[in-house]
Amino acid sequence: MLQSLAGSSCVRLVEQHRSAWCFALLVLGYLLYLVFGAVVFSSVELPYEDLLRQELGKLKQRFLEEHACLSEQQLEQFLMRVLEASNYGVSVLSNASGNWNWDFTSSLFFASTVLSTTGYGHTVPLSDGGKAFCIIYSVIGIPFTLLFLTAVVQRIIVYVTRRPVLYFHIRWGFSKQVVAIIHAMVLGFITVSCFFLIPAAIFCVLEDDWNFLESFYFCFISLSTIGLGDYVPGEGYNQKFRELYKIGITCYLLMGLIAMLVVLETFCELHELKKFRKLFYVKKDKEEDQVHIMEHDQLSFSSISDQAASMKDDQKANEPFVNSQSPTSNDSSLNN
């Protein structure tokens, strides 16, 4: 008896605080996912880093042995300066001296990466004025970009998602949930094909040092706005039609971001995902709902009373004119 009562009380407690328990599980799952990623990346990349460090150490030692007139301190100062310039997008290599980082097309590409929060990091402002302008430009431009993308996606999703789903639901009589799931999968496949697979094949041809995996990796890192910057198109030596290429990449990034947001919004409108998201939301208190209902009722009552008063005034104004008797005449008639 006591065990059954305890079990029922525990179940009742869990049901009452279901959202809090789900949220706690969500936080725990996210932390475990972070730890899992750290373990995998460390186990995969650490051996390659160790090999690269050993290789660079051997090359440095061999260079110092072949050039006895150069001290290790002088070499390190030179390398430090070269690496600092490389972080700003300036290379001392002879095959990269022909590419400028701040011509108009490169600046346009940089502005698009800043406003889309992709931020490859291959080119950064050199001057203090450029850094200050980048801050002001980003503070204004990033919310402006979010507003622009939201407005564009809101208009596109009406014609791409909602109307097709309603068409098949009403015209053919299919279940709306089933049609929405199939439509989301088809739209996701088309987006992956048009903005990942096909562009990856194109980048694989246009970039000499990229294979298909590296090209697909660049597309994903760019359109997900991660922007690691280890692969940036149009930076190769003697790139053909470099200005036009940079403009095309800028257009690709903007169109790809819009397509990704449309797909995400389409999946977020699925009934199953909505139910799943509600598990982690805080439920409104009944008192808040009652206050909201009372405020709504008061507003509606006042609006109804205002409408009724205005209707009475209109009726009085529209009534035919009738000569009303004065109070004295009424009194005399009563006396008679």
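From the backbone N, Cα and C atoms, a Cβ is placed for every residue, glycine too.
TrEMBL labels come from automatic prediction, so no person has curated them.
Note that the coordinates shown come from a computational prediction; the quantities given were computed from them, not determined experimentally.
Taken from TrEMBL, the feature transmembrane segment applies to 21-44 (among others).
According to TrEMBL, the feature domain 'Potassium channel' maps to 94-156 (among others). Residue counts for the domain 'Potassium channel' (94-156) under DSSP (helix as H, G, I; strand as E, B; rest coil) come to 44 helix, 0 strand, 19 coil.
Feature annotation from TrEMBL assigns N-linked glycosylation site to Asn95.
The transmembrane segment annotation in TrEMBL covers 135-157 (among others).
According to TrEMBL, the feature transmembrane segment maps to 178-203 (among others). Beyond its flanks by at least six residues, the transmembrane segment (178-203) meets 160-161, 164-165, 168-169, 210, 212, 215-216, 218-220, 223, 233, 252, 255-256, 259-260, 262-263, 266-267, 269-272 of its own chain at Cβ-Cβ distances under 8 Å.
Summarising the annotation, TrEMBL assigns domain 'Potassium channel' to 192-268 (among others).
Sequence-distant contacts of the transmembrane segment (215-232) (same chain, at least 6 residues past either end, Cβ-Cβ under 8 Å): 113, 116-122, 195-197, 199-204, 207, 253, 256-257, 259-260. If you look up TrEMBL, you'll see 215-232 (among others) marked as transmembrane segment.
What TrEMBL records for 244-264 (among others) is transmembrane segment.
Residues or ranges marked as region 'Disordered' in TrEMBL: 306-336.
What TrEMBL lists as compositional bias 'Polar residues' is 321-336.
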Open item on the list: Can you work out which residues elsewhere in the same chain, 6+ from the ends of the transmembrane segment (244-264), have a Cβ less than 8 Å from its Cβ atoms?
Closed with: 105-106, 108-109, 112-113, 116, 118, 149, 152-153, 156-157, 160-161, 184, 187-188, 191, 194-195, 199, 206, 219, 222-225, 233-234
- [ ] Determine which residues of the chain contact the transmembrane segment (135-157) at the Cβ level, with the cut-off under 8 Å and only residues 6 or more beyond its ends counted.
- [x] 111, 114-117, 257-258, 261-262, 265-266
Task: Model confidence over the domain 'Potassium channel' (94-156) (mean pLDDT, whole number) - done: 86
TODO: Over the span of the domain 'Potassium channel' (192-268), count residues by DSSP class, listing helix, strand and coil in order.
DONE: 54 helix, 0 strand, 23 coil
